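Visitor: After the structure tokens below, expect a handful of questions from me.
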Amino acid sequence: MAKAKFERTKPHVNIGTIGHVDHGKTSLTAAITIVLAKTGGAQATAYDQIDAAPEEKERGITISTAHVEYETKNRHYAHVDCPGHADYVKNMITGAAQMDGAILVVSAADGPMPQTREHILLAKQVGVPAMVVFLNKVDMVDDPDLLELVEMEVRELLSKYGFPGDEIPIIKGSALQALEGKPEGEEAINELMDAVDSYIPQPVELRINPFLMPIEDVFSISGRGTVVTGRVESGIIKVGDEIEIVGLKDTQKTTCTGVEMFRKLLDEGQAGDNVGILLRGTKREEVERGQVLAKPGSIKPHDKFEAEVYVLSKEEGGRHTPFTNDYRPQFYFRTTDVTGTIKLPADKQMVMPGDNATFTVELIKPIAMQEGLKFSIREGGRTVGAGVVTKINN
């Protein structure tokens, strides 16, 4: 049977299942596709198809991720599910699968467990804007008081990590019953998808955000001036717009006097376009790879920040030994490497390969930076870690 093409008439949202191992994330993912397939909103996908997730590489890190897509009455969703806990950690820190929202799966029989906490904390650190809770395996709990207790625990945990625990929708159900086609099982899935539709906000389109373009290359064109090339990360750039060159050196102001793509002149470049931008009165040596062009005032250069980082294991091609305080690797932001020094928290002596950790970094040169910015840690040209800026310190 030929696959039907998804018509992109509905708004698109990226979502993922998170939660403790064996609480039913993959069963729930399968159940959503199977229930929505009945109304033509999905291709029914079996549990073992999702569980045998293919490996992908993101910034030199191998991650197993399963992707399914489905639609509700209101939206089109791309849904990621990871088989292992380490895959989740890597996925969230590298941003390999951008999440506009998450479904936190908690087993009603067990209540919140260590990875439940860790996934909520990570979601907060990496800026997942909203989540909905599916209290799974309720068919295994006979005592309604116990269900209420687990729900209270989950709400307290969400509040503790900065999510609005009191208002987050918690749907009770059983993914297994839904997979077996039982009406109460399917009903809970439909209720969950209604909650996801209404509670998880529609992401802001990249075009609407302020203009930002990381500089990849700089050329001088005789008689015309300096051209910088790169891929527009967000926003729109028009001929005549004032822009700032931010990072590595003092911020400079300039004006865009031309935008071209595939050697053709354009009126504007927008998020996703690979463009060349002609800068008025800027000399070739005043601009370099690693800086960004940005809407004036929208982003500032910083050299001190806190980060949540995943350190590659030896098997993944990372370091063979732990690192300690004052470790000085290269931090690769957008298009360039900058040396920085790592300061570990007082209670941490070292970070082992395969760990995730929170620490402070001090760069030798400032980089255009905002919270949520992703980076790689490199040593001698190979990736040894991946991180996300969680807080700017200066």
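Glycine is treated like the rest: Cβ placed from N, Cα and C.
Found this in Swiss-Prot, in case it helps:
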BINDING   19-26, 81-85, 136-139  GTP binding site
BINDING   THR26  Mg(2+) binding site
DOMAIN    10-204  domain 'tr-type G'
REGION    19-26  region 'G1'
REGION    60-64  region 'G2'
REGION    81-84  region 'G3'
REGION    136-139  region 'G4'
Visitor: Short question: which residues 6 or more past the ends of the region 'G2' (60-64) have a Cβ under 8 Å from it?
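Guide: Answer is 53-54, 82-84, 87, 90-91, 94, 96, 310, 312, 316-317, 376, 382-383, 386.
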Visitor: Any idea what DSSP makes of GLY19 (GTP binding site), helix, strand or coil?
Guide: strand
Visitor: Across the region 'G2' (60-64), what does the mean pLDDT come to, as a whole number?
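Guide: In the predicted model, the region 'G2' (60-64) has a mean pLDDT of 80.
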Visitor: Quick check for the class: what is the C-alpha distance, in angstrom and rounded, between GLY19 (GTP binding site) and THR26 (Mg(2+) binding site)?
Guide: 10
Visitor: Within 10 angstroms of the C-beta of THR26 (Mg(2+) binding site), what count of other C-beta atoms is obtained when all protein chains are considered?
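Guide: Around THR26 (Mg(2+) binding site), other Cβ atoms within 10 Å: 22.
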Visitor: Determine the most Cβ-crowded residue among the binding-site residues LYS25, HIS85, using a 10 Å radius around each Cβ and all protein chains in the structure.
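Guide: Of the binding-site residues LYS25, HIS85, the highest Cβ count within 10 Å belongs to LYS25.
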Visitor: In whole Å, how far is THR26 (Mg(2+) binding site) from CYS82 (GTP binding site) when you measure between their Cα atoms?
Guide: 8
